Amino acid sequence: MDGDRVEIDGGIMEGGGQILRVSTALSCLLGLPLRVRRIRAGRSQPGLRPQHLSGLEMIRDLCDGKLNGGEIGSTEITFTPGKIKGGTHIADTKTAGSVCLLMQVAMPCVLFAASPSELHLKGGTNAEMAPQIDYTVMVFKPIVEKFNFTFNCDIKRRGYYPQGGGEVVVQMSPVKELSPINLTERGTVTKIYGRAFVAGALPIKLAKDMSAAAVRCIRREIRDLYINIQPVREPDDQAVGTGSGIIIVAETSTGCLLAGSSLGKRGKNADKVGIEAAEMLLQNLKHGGTVDDSLQDQLIIFMALAKGVSRVKCGPITLHTQTAIHFAEQLTKAKFAVTKSEEEDPGNDTYIIECQGMGMINSNL
């Protein structure tokens, strides 16, 4: 602590933008002034990228806060939050920076605003190194809403690497408090579905090839389920640039959703894209957890804020999840425990993340 400013080392553990997202969101929610040093020290281009800066600026505007050091390449910022307010907020990365990562930083904050919020997020909808918008809508949304809130996510336009140009509008109403979640029973897989998409200059045949390759790959492991992966060509007026990719979701008898996804890029064979997504899905099904590797870390901040004990069963704990837990514990009164899940087949690498949440109350309501 520096006076009453919380000091965060942005270079430890995962060492990337996630540290910034978790700590600034919690700073905003808890009214804690923050200094983050060594921002993204672990990356090939350290410091703030456009996506991180637009996220910080949106948080600043959400709560009438003060941000120093907010420029591209900056490796240190100080942030002093104000009072979270609802209304319309715009964040534009002006690049293919992920709109889903912008949503990750803003969503916990607007849940505790004084009035409903509408977030206009602009950038890449299907970007490397970030959840695809399809994942956010098909997997993240239904699971995170178990914390007892809802949001609407309208994909106005899709945008791809390198120019971005996508836009998503998220509407949310504030809540009094978040309920804990208990996701410990996997159940059996009841259906597998998804979408393989192309946009811009690419022919629909590529989407069909991705879909067919993914289905063949899954069929080798799971023979008796109908698999429905729709090939789609994004309408030209709803997509900027040229892109392709696939997401496949497995739904279970207990309502769990686990996914695998992959993006196409120049020179990458369509079959390979489909197979990558299918193999990621099968990997996520193999460990016996109730959430996939991409969702683990995204639930941590909500578990920390909820009132009561949340329990989630997952596969091996990712570095992103360990990082989110570390900073959630540093900034809130939440307590996490990670234990190896015992009752399983000993071959399974399954863990229970348990959290005694801090029970954040929205004093505006």
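Even glycines carry a Cβ here, placed using N, Cα and C.
TrEMBL does not curate its annotations; it predicts them automatically.
Feature annotations, reproduced from TrEMBL:
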| type | residues | note |
| --- | --- | --- |
| ACT_SITE | His320 | active site, tele-AMP-histidine intermediate |
| BINDING | Gln104 | ATP binding site |
| DOMAIN | 13-338 | domain 'RNA 3'-terminal phosphate cyclase' |
| DOMAIN | 184-286 | domain 'RNA 3'-terminal phosphate cyclase insert' |
*Note the mean pLDDT of the domain 'RNA 3'-terminal phosphate cyclase insert' (184-286), expressed as a whole number.*
97
*Residue counts (helix, strand, coil, in that order) that DSSP gives for the domain 'RNA 3'-terminal phosphate cyclase insert' (184-286)*: 36 helix, 37 strand, 30 coil
